[in-house]
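I have placed the structure first, in the form of structure tokens, so that the comments after it can refer back to it.
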Amino acid sequence: MDDVTAILDPLNDAQREAVTAPAVPMLVLAGAGSGKTRVLVHRIAWLMQVEGVTPFGIMAVTFTNKAAGEMRGRIEQLIGGPAGSMWVGTFHGLAHRLLRLHCREAGLREGFQILDAEDQHRMIKRLLRAMEMDDGRWPPRQIQWFINARKDEGLRARHVADNDDPVQRQFIRVYHAYEEACERAGVVDFAELLLRAHELLRDNESILRHYQQRFRHVLVDEFQDTNAIQYAWIRLIAGKDGCPFIVGDDDQSIYGWRGAKVENLQRFQNEHPEHRVVRLEQNYRSTGTILRAANALITHNNDRLGKNLWTDGEEGEPVTLYAAYNERDEAQYVVESLRQYLRDGGARSDIAILYRSNAQSRVFEELLMAEAIPYRVYGGLRFFERQEIKDALAYLRLMANRDDDPSFERVVNVPTRGVGQRTVEQVRAQARADGSSLWKAAGELVNSGRISARAGSALTRFIDLINRMAEDSADLDLHEQVDHVIQVSGLYEHYGKEKGEKADARLENLDELVSAAQAYEPDPLEDELPPLASFLSHAALEAGEGQSDAWEECVQLMTLHSAKGLEFPLVFLTGLEDGLFPHQRSIQDPDGIQEERRLCYVGMTRAMRHLYLSYAESRRLHGSETYGVPSRFLAEIPADCLHEVRPRVQVSRPATLTGGGLAQAPVDGITLGSRVHHAAFGEGIVLNREGDGPQARVQVNFEGVGSKWLVLAYAKLESLS
DNA sequence: AGTGAAACACTTTTT
DNA sequence: GTGTTTCACT
């Protein structure tokens, strides 16, 4: 039983309590840096080695591939062998596996493929056109969002009520059309994977019973991020007597905007009266001061499940606050400070620069570039999302399934082969008339001869190309197949002709696709599937790394959202201005503010040893100069945790520290953010200010009237606050 | 079919 | 200010 010491020794009391918990539903409230992955991993080892559960009976669910991979790795390390038949994966990945295993019962064809967000967007645009709906009045993005949000709630088009709202009615119409189009093409989008898998279990007694009996132990990571359908899914599989082991942190719920429901934590407790809660509150990451600052901030939120992080580590240095003159000054300060850290022997990869929105990365990039400090920006296009890669995949998808309309549309005329818009439109019309796929419609059109000779021969060329490639590569290995397609389709040549350095990069990517195919190993747990179809699913489900310029030691730049789950010795949390962070779009809504506050909390708790906060008094935003107020979050951090560096007085709008928080000094009574009254426009909030003296102009957002620029000398504004 | 100007919108992101 | 997308022109 010395295995057990290996499992339990590295744990603290709370962690141990969670890991060794009896067979009841468990909720582990795991604060930032409290070792939640460790608890999950050790729990699994405990189940196997002490409770005698086989890997076959365990399912562990995460949100990202990265988290899933890490978990699997650590499990295998701890138990000293492969986790084999254990189901460890993302919600989408596991739902996908379920659907592959039971595609017949799920109402899907055998080789169904997955639509990524871009494919889905294109498809909706096409549908709108076919339905003769103006995509100006019906923004495809909005409809896409609508459909996904409904699916995340578990609702199909036929379930959505229009409430006599004409707009809603149109949305539902498109949703219906979209469902049909997906059905016809044999594709499913991301949300559909979850919804379908849920329906599969819900509607198939025997399948459900099988999985309920099999997975008595379902473990879920980041439970605060689950949406309605994911919750329902877990509920179903866990069944009445399952013992779900849930790990989450309500204070780190930052995905409400995409359907995540923090309430699921509460709901879990209500629906499992016999559950037990363990709180992991000891933090192993940050200094005492950083924790004190973060704790104080998050205390301003309501309805918390309650948790207070502590550490027995050292106090550490105060959190530094820098009031920058503008965004360039902010960047300069950040770079100076990180230089100092590097001079003191710190590693570049220890450093993270965090911001609220992607656009903010630019200033930092420019400066880091100029100073020749290697950096890496997270986010952006990932490997399998690149244009040339998606083109190649579209060819492959068509070969696997001729009815794949999105892929047909994508490559009929890439590279150009004389199938113009006119011809494609004819094919679409034919498909609509026959209720068939584009591929069949194209064949039909060519045979019927109701098409010009030129267009007909161009289409025929395309049809023959696909057929020929499918035939010729049928017996090849996967990577040879991919290579063959890239060459024969003309894609390689096509992208080679692109000008600039782009061509090289694109060709390199295409080569890398071949390598990826060569390295690909099908999932042994689901594969009856031909390697090609399996590879294509993999490409959609795991879009690959962002543009990771190798593993060179780099300063890390990323949004606060993508920083979740990571930790860095040195963290810069930048752009702390009202309107930017918290973001303008969240500011009206109290729940929005709370989510922003949690985001700030997440950002602060990324820091291990050094935390720098900064804001800029003026900033170029969307092209024009704006004047920000220090983020309200700054005022919520106790003054004695903060060390304010070079507080600038007498810039455009001085900020001073008073009474434990930041307050603004008045500038002739009209301060940014204050309420004013105007004779004609009524009441509003001062958003912006330009210039000095009587000629100064202010931008005021009036209730009802909207925002106006006014010259102070003429406007006769009355300050109300 | 490919280029260029104009119009436009602009959190956060995984799968 | 920047990147994207659409439309019009060659």
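The first residue you see is number 1, and the count goes up from there.
Including glycine, each Cβ sits where the backbone N, Cα and C put it.
TrEMBL labels come from automatic prediction, so no person has curated them.
The annotation domain 'UvrD-like helicase ATP-binding' is assigned in TrEMBL to A:9-287.
Around the Cβ of A:A32 (ATP binding site), a 10 Å sphere holds 25 further Cβ atoms from the protein chains shown. DSSP gives A:A32 (ATP binding site) a coil state; it is part of no helix or strand. Taken from TrEMBL, the feature ATP binding site covers A:A30, A:G31, A:A32, A:G33, A:S34, A:G35, A:K36, A:T37.
The domain 'UvrD-like helicase C-terminal' annotation in TrEMBL covers A:288-565.
Cβ-based crowding with a 10 Å cutoff singles out A:G31 as the top-ranked of the binding-site residues A:G31, A:G33, A:G35.
Note on A:S34 (ATP binding site): other Cβ atoms within 10 Å of its Cβ, all shown chains, come to 25. Most Cβ neighbours within 10 Å among the binding-site residues A:A30, A:K36, A:T37: this distinction goes to A:A30.
In sequence order, A:V39, A:D249, A:L280, A:N283 are the same-chain residues whose CB sits within 8 A of the CB centroid of A:A30, A:G31, A:A32, A:G33, A:S34, A:G35, A:K36, A:T37, the residues recorded for ATP being left out. For the domain 'UvrD-like helicase ATP-binding' (A:9-287), the mean pLDDT of the prediction comes to 94.
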